Amino acid sequence: MGARRLRVRSQRSRDSSVPTQCNQTECFDPLVRNCVSCELFHTPDTGHTSSLEPGTALQPQEGSALRPDVALLVGAPALLGLILALTLVGLVSLVSWRWRQQLRTASPDTSEGVQQESLENVFVPSSETPHASAPTWPPLKEDADSALPRHSVPVPATELGSTELVTTKTAGPEQ
């Protein structure tokens, strides 16, 4: 019965948020929910990290210049943006340089050939040809008034005296 009482007590102390009472040399650790040596909570005052025992964790110092996670969050995108910008500037300058080189090499040789070619393919419109900016309309038919309109929008049949709206899904009273 004593073992049961201890088991119930230990489960109760794990589930409760109230820390268990510990000795003066021990401190309550909420992670393991048990009393541990208080020396594990404090880092030694010495500046040498090599003298620490393996398995002890260092707490981050408040006097550190720049935390590595902040440097990664800001530095990595900034470096990536700089690399992309330099690549874009390099590509634009390379394309413009190639374009200038092609213009420089092509201009002395083809200046006369371009003029000859452009004069040979000139189209001179006659006086009967309408102006290029004038719209061209199809000729009107003689029987435009008698032809039925070619629209697909359903219209109400008011000319027959009916007041209901004619749609594609409704059937009129004629049917």
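Yeah, the Cβs are placed from backbone N, Cα and C, and that goes for glycine too.
Sequence annotations record features per position, and here Swiss-Prot assigns repeat 'TNFR-Cys' to 21-38.
According to Swiss-Prot, the disulfide bond annotation covers C22-C35 (among others). Look at C35 (disulfide bond): DSSP puts it in a strand.
Feature annotation from Swiss-Prot assigns N-linked glycosylation site to N23. For N23 (N-linked glycosylation site), the Cβ neighbour count at a 10 Å cut-off comes to 9, with all displayed protein chains included.
The disulfide bond feature in Swiss-Prot is assigned to C27-C38 (among others). Cβ neighbour count for C27 (disulfide bond): 16 (other Cβ atoms within 10 Å of its Cβ, all protein chains included).
A mean pLDDT of 88 is what the model gives for the region 'Essential for TNFSF13B/TALL1/BAFF/BLyS binding' (29-34). Residues or ranges marked as region 'Essential for TNFSF13B/TALL1/BAFF/BLyS binding' in Swiss-Prot (evidence: similarity to another entry): 29-34.
For 72-92, the entry in Swiss-Prot reads transmembrane segment.
What Swiss-Prot lists as compositional bias 'Polar residues' is 160-175.
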Intrachain C-beta neighbours of C38 (disulfide bond), sequence separation six or more, cut-off 8 angstroms: T25, E26, C27
Reduced DSSP assignment, C27 (disulfide bond): strand
For C35 (disulfide bond): intrachain residues, at least 6 apart, with Cβ closer than 8 Å: T20, C22, N23, E26, C27, F28, D29
Protein Cβ atoms within 10 Å of C22 (disulfide bond), excluding its own: 15
